[in-house]
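Participant: Shown below is the structure under consideration.
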Amino acid sequence: MSLAFCGNENNSLAYNVDRGVLNNGCFLDALNVVPHIFLLFITFPILFIGWGSQSSKVHIHHSTWLHFPGHNLRWLLTFILLFVLVCEIAEGIVSDGFTQSHHLHLYMPAGLAFMAGITSIIYYHNIETSNFPKLLLALLFYWVLAFLMKTIKFAKYTEHSVGLRQLRYCITGLLALLYGLLLAVEINVILGRRYLCFTEATEVKPPEDLQDLGVRFLQPFVNLLSKATYWWMNTFITAAHRRPIDLKVIGKLPIAMRALTNYLKLRKAFESQRRPLGSMPQGPKWIWRALRQAFGRPLIISITFRFLADLLGFAGPLCISGIVHHISKDNRTIQPPIKLLGVYFISSQEFLANAYVLAVLLFFALILQRTFLQASYYVAIETGINLRGAIQTKIYNKIMRLCTSNMSMGELTVGQICNLVAIDTNQLMWFFFLCPNLWAMPVQIIVGVILLYYLLGISALIGATVIAVLAPVQYFVATKLSQAQKSTLEYSSERLKKTNELLRGIKLLKLYAWEHIFCHSVEETRGKELTSLQTFALYTSISIFMNAAIPIAAVLTTFVVHVHISEEADLSPAVAFASLSLFHILVTPLFLLSSVVRSTVKALVSAQKLSEFFSSDEIGDEQEPNATMPTGPSNHKTIPSCPRNHNNKYQAVPLKVVNRKRHPRDDWNNYSHEGGNPPPQEGDQDLCIRITSGYFTWTDGTPTLSNINIKVPFGQLTMIVGQVGCGKSSLLLAALGEMQRVSGTVTWNILPSLDSEGDDSPTSDKDAADDGDIEKRGSVAYASQKPWLLNATLVENITFEMPMIKPRYKAVIEACSLQPDIDILPQGDQTEIGERGIILSGGQRQRIGVARALYQQTNVVLLDDPFSALDIHLSDHLMQEGICKLLREEKRTVVLVTHKLQYLPHADWIIAMKDGTIQTEGTLKDIQNSDPKLFEQWKTLMHRQDGEFEKETVAESMTVLERKNLRRAMYSKEAAKTEEEHEEESVESEEDDSLSQAMRHRTTIPWRSCGVYLSSAGLLLPLLLLSQLFKHTLMVAIDYWLAHWTSHVITAKMDATGRNCTVAQECGFSHSWYLSVFSVLCCLGIVLCLVTSVAVEWTGLRVAKELHHNLLSKIILAPMRLFETTPLGNILNRFSSDTNTIDQHIPATLECLSRSTLLCVSALGVISYVTPVFLIALVPLAIACYFIQKYFRVASRDLQQLEDSTQLPLLSHFSETVEGLTTIRAFRYESRFRQRLLEYTDANNIASLFLTAANRWLEVRMEYVGACVVLIAAVASISNSLYNHLSTGLVGLGLTYALMVSNYLNWMVRNLADMEVQLGSVKRINGLLKTEPENYEGLMAASQVPDGWPRQGEIQIQNLSVRYDTTLKPVLKQVNAHISPGQKVGICGRTGSGKSSFSLAFFRMVDMFEGRIIIDDIDIAKLPLQTLRSRFSIILQDPILFSGTIRFNLDPEMKATDDMLWEALEIAQLKPVVKTLTGGLDAMVTEGGENFSQGQRQLFCLARAFARKSSILIMDEATASIDMATESILQKVVMTAFADRTVVTIAHRVHTILNADLVIVMKRGIILEYDRPQALLEKEDSVFAAFVKADK
């Protein structure tokens, strides 16, 4: 066939110009070529020559700077233009098919126009990014020309009565309109930028974000094409292969997405709901209203995108139906087209009847649908993330103003607040993610049912009814699932609580041989959790089963009914496969329905919780302060807002805690009733704090402190003393305004800060003014009794946001004797401490807290019992160097709470407390005169005079265990590194080869962990694999049979026509045989769906059970070494997040992964079977997929880990703030902490946003690959059918499967990436499973050990050498000693002398590599560990209590009677305390014993040892945190109650062992002196005598 522009038929009207040139159709088309040729010639040189020189000049993200107005509209119009041009080309080609010769003019101009359209947008993009608006003139000319030519053509068509029935007429009109609109956009640019016809052009500045090179998240700034395809992510994702993604790589958030911006938006929405009187509305409704107002608009955009995507989704089934229908027509003759203007015109029906046209349209519809869908997801998720940031900031601001009493009385726990942040904000975020589904689902269902009805008639409604009837069942299953998940969560948090206690108290448990009791308790809870998990697994498998079985059931019923209802049922492949696709579409919204409804319910509950939290009591003023959060760094300085009269001191309005339960008017009456501010009394000028007739309470009950009248003088040392639990700490908090004040006044006079340059209250003036006068107290350095540390480096903990002043820092470190500790730490003072860092001992934590208070340059320093966890030397050093020297020299006001009465002579002012009231106050002399009895009592307790310091003993500086434990921990940190840490190290190391190796390691899937996981499944594994394979084979068989059946229907019809039967049945064709086979296959398929879903979940359960059981057994038997060298958080994470992943996430991911992979494989197999040609095209597509998934997996894993790792600091910042609320408020550091919160939130949010963008990047690409698969499969099968007579049923089958591929490809890659991340948990747990356990077996069996052993308690130590690890030096060297039955032995010595190692050797907690210990004639090395440890008692320095009853704490083995327990409590001075508690022995102890004071906890530990009735008791510095009075009582008790038992005391204060029968003095692991104390004291040069002298 010949080729010519106008065709070359002889009788052609194509060249006829008798009626004028413009009336010739071919000439009109030729004329339309001109503008396109013009544009291509003009722009190509500019594009290729002019670009190199421009791009380097602009120092911003110039490639994303959008300058010109109407930018998005231009892109949109260009896309529409290109689509219409494709239609024009297709229409030309179809029209041309009716002529003898080829008429190029029908489609060549459109082809050139298409090229010109693409060129125009590329040209525009380049001009825009390099900011040369004048070059846009070329485009202006082009649009004018194109618009004119199209208009002329349109006018001529109209003139020749070409009408709307002809498709080309419509296309020409559309193109004229589009060119006109683009011309308007171009003119708008001229008006906006004034680069033409105006004297001055408009100056344009880039957006602020783009001037900041730190902003790398460019989604809001790129052009429409890049936005839709996430093209800007390409470099980011491919770069992840070369170097890991971290916070530096992802940069900062754009301003509009930052937490502060969104918080202000949300706050504005809340403010707008204020009632006229200024009160805030209550309840969750106002939260929803505010959220709608602040974040509603983007959600509407997302819903719109979703609607468009869902409607486009129906193009698939319709096009399949059309294509198969077109092929199956036996006569393909269409009435000839109309010929006008010498050219053929076709109607749109004829155009759409062409199978190839439908294939191309299907391709475009798929691409558009996927683009809209991903855009909808992205907008919804971005909105959700912004909302989460805003709510988290609002929660944090609320925390900063919470009443302390809410926290201490358990109304709000740290856990609850962390749940609000971690769970509830995420629930709201998820609700926003799923919100578009709520609106889109009904539309999808309605349209789907209408189309099914159109295809199948009434039987379609029956099929839809099957789906609809099963939807409530789905919902029921979903609610059951969430209930099961809830109960699982309750059990797992209970299990975690127990595991946490077990790990924290592991040393005590091992020493008491109680580990199995606690292990059993954890296992018991795990058992309940597994039962609950079984329910969870059951419902999950039902849910998976229904997802797979409902479509099969629906199709089966529909076809059965369809065949039976009418004899002439049209069951052609077109109908069958279109309805099959429609059922697949219909099922999706119904599955989503359950999760959307569940998410909605959860979001409603979360909103309720948030509204309750937002309305809880606040401290001070009720209204929300203006959050003046600095946007820059937080070291801004503000001048203290205090008036300058009264010699720069002023009186504050009394502190007040507003109680919301009372009416505000009552508060006002109270003020007036108190007569406002009392006038300053004489002498007030010298007072820093004055409390007059103060009554303070924590709850609404009786006041904790009553009738408090105290004064704290300026610049002097005030000490507060009293017995355990008399309200000393509460008094400090009352002064700080943390307690609820019932009545009385608290007055602060504040001097200007010592150094207003360096320090000052960081709350700005506006804050202070807004919060009322309560805030006028300046910054106060406060060290709480329970030390509060930040998760930061040691130096940051001490400087605490203050500038580093080296000399001052050194002086503080010296005063707190922290230098030796710093030397031991791996990175010195740059070591991370706190929850996530190195585990420090109580004493070290306490000294860091005190060091922080000393370092601050505030006028007032409050120290709450800073000596409680310190030994005598450290206490003395801190008192002398820190308090008396450092603070006194600076004339700072110091208030010190202490039990150490020997320091009273240093005090300028003393406040003595008793039972919540003030017993007396004054100087020591005043008290001696006014209350001689009290003074005498103190004097007997003050065992030593001041000033007699031995230089030598002061140098000794810390409890043995602390530093040694730390040093040990450091050694082992070097020795035992897990695989993971090695891997991380190698990534960090700078050498190229190791880096490239590590990068290679990052790109491979952890197959070994996968092997570990699957091998734990045992026999279930083959069942799982076989059932999956069988199921998918059956699925393909069902569809293949349908194709076979429907093809036969068509052939039967043709035969019928040939043999003149009216219906096919008459010619002997029957549906029944096909139908019965189809039914059997479907039923088998449904059964197999059930089997596979159950198999997957049961496998998961089996593995979860195995791994947790093995892990717990390994950990409980592990040597102490492991716990000293591994941060507790790490071990706990294996039990929490990793176990949770294995329990709940891996089975689901595994199921999804295997299903999507097998579906893809079977789909590609079917397509290749139908059209083998497809295999050729498959190769490039497979290569593309391989590279996309390869790059994506690495980036996705990095981003997921980054999201998790940025969430951790955010959550711990919340819990840290809640725990240290009093300290932060005392320091007035609220705004600094808010600033830090914003940084953490933004870091987490940007990681989440990048992860979302990466997921969209993958999905868009995979969907486009899927669309190509559909296009190729369609074109190949159409050609195959037309030329090789492929059966129509198989064409339908191939196309249906091709549509499935695009759905499952990205699922496969996403699940692969998820699986890879989740297998990390298996890998980490497997790392711990390799731990070597302690050797619990002995040479003797437990039954061979005499029952009452050891009866006498005689101890012989022969040549004993001990070390902590085979790699370390010995800590005891060849020690020999003999302790007679019932002797009281005291061991003393400097730090590191081996005292504690001596005590641990009795329990074989350390490696005894030489010598032996013989107790009552049995060598302890021969005994089983469990038996040995169960026969001794030990009291450790750190008191450890477990949650449960008091009875359980004293005797978990349940061996002792009540009388024995009461006796033990009486001995430990606790009987009166326990008697007053409800339940007595069955009263509850909270976690860690928080409801008892430190001293009381230690007494409980003593009682525990007494209750054990063993004949050997070891006390390891057990009286460290007890006041002296209690301690002296205890000493007496030990001597009397243990008269007949052997007691070994490791002494903290040497005077406690003066009454011992025998004293052992140790130095560097050997025994220096060994004798009766009297004998040693008489010796002139004895070391013991020197110690005693120093301790006087």
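A Cβ is built for glycine as well, from the same backbone N, Cα and C atoms used for every other residue.
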Participant: Given the ranges 1032-1052, 1242-1262, which one is assigned the annotation transmembrane segment in TrEMBL?
Facilitator: 1032-1052
Participant: For the transmembrane segment (73-94), which stretch among 106-124, 136-154, 344-368, 536-565, 571-593 has the most Cβ pairs under 8 A?
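Facilitator: The stretch I would name here is 106-124.
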Participant: Same chain only, please: residues at least 6 beyond the ends of the transmembrane segment (344-368) with a C-beta under 8 Å from a C-beta of the stretch. Say none if there are none.
Facilitator: 83, 86, 90-91, 94-96, 98-99, 162, 165-170, 308, 312, 315-316, 319-320, 322-323, 326-327, 334, 337-338, 1263-1264, 1266-1268, 1270-1271, 1274-1275, 1278, 1282, 1302
Participant: State the residues, same chain only, that lie 6 or more residues beyond the ends of the transmembrane segment (536-565) and have a CB under 8 A from a CB inside it; answer 'none' if no residue qualifies.
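Facilitator: Residues 456-460, 462-464, 466-467, 470, 473-474, 477-478, 480-481, 484-485, 488, 571, 576, 579-580, 583-584, 586-587, 590-591, 594, 1031, 1038, 1042, 1071, 1075, 1078-1079, 1082-1083, 1085-1086, 1089-1090, 1092-1094, 1096-1098, 1100-1101, 1144, 1147-1148, 1151, 1155 contact the transmembrane segment (536-565) from elsewhere in the chain.
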Participant: Is the transmembrane segment (571-593) packed against any residues at least 6 beyond its ends, judged by a Cβ distance under 8 Å, and which are they?
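Facilitator: Residues packing against the transmembrane segment (571-593) from afar: 313-314, 316-318, 320-322, 324-325, 328, 434, 437, 440-441, 444-445, 448-449, 451-452, 455-456, 460, 463-464, 467-468, 470-471, 474-475, 547, 550-551, 554-555, 558-559, 562-563, 1039, 1042-1043, 1045-1047, 1049-1050, 1071, 1288-1289, 1291-1293, 1295-1296, 1299-1300.
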Participant: Is the transmembrane segment (136-154) packed against any residues at least 6 beyond its ends, judged by a Cβ distance under 8 Å, and which are they?
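Facilitator: That would be 22, 28-29, 31-32, 34-36, 38-39, 42-43, 46, 68, 113, 116, 120, 123-124, 127, 169, 172-173, 175-176, 179-180, 182-183, 186-187, 189-190, 195-196.
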Participant: So what's near the transmembrane segment (106-124) in sequence-distant terms, Cβ-Cβ under 8 Å and 6+ beyond its ends?
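Facilitator: 5, 29-30, 32-33, 35-37, 39-40, 43-44, 46-47, 74-75, 78, 81-82, 85-86, 88-89, 91-93, 95-96, 136, 138-139, 142, 146, 175, 225, 343.
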Participant: By Cβ distance under 8 Å, which residues at least 6 away from the ends of the transmembrane segment (299-324) in the same chain are close to it?
Facilitator: 352-353, 355, 358-359, 361-362, 365-366, 368-370, 372-373, 375-377, 379-380, 383, 432, 435-437, 439-440, 443-444, 447-448, 451, 455, 572-575, 577-579, 581-582, 585, 1274, 1278, 1288, 1291-1292, 1295-1296, 1299
Participant: Return the average pLDDT for the domain 'ABC transporter' (689-940) as a whole number.
Facilitator: 80
